[in-house]
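Colleague: Sharing a structure here in structure tokens format.
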Amino acid sequence: MATINVYVFAFIFLLTISVGSIEGRKLTKFTVTTSEEIRAGGSVLSSSPPTEPLESPPSHGVDTFRPTEPGHSPGIGHSVHN
């Protein structure tokens, strides 16, 4: 009798989960404003001035990055002091 109750409970539980995912959420309608509607409400701003190119970061030396033995990695944020 107890095993039947467990199966009934599991069936009802799975049924309620599936019903919740089937219903989902309601989507609301929204209107898309067109460029004509935006221009009618105010003036159009000019585009922003071009930006200056960024400098490339400095290059690193050969000794900056080196391989470590497996199991002996210092980890992120820790330097190796020999």
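Using the three backbone atoms N, Cα and C, a Cβ is placed for every residue, glycine included.
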Colleague: Pick from PRO53, PRO74: which does Swiss-Prot describe as hydroxyproline?
Modeller: PRO74
Colleague: Which residue from PRO50, PRO67 is recorded in Swiss-Prot as hydroxyproline?
Modeller: PRO67
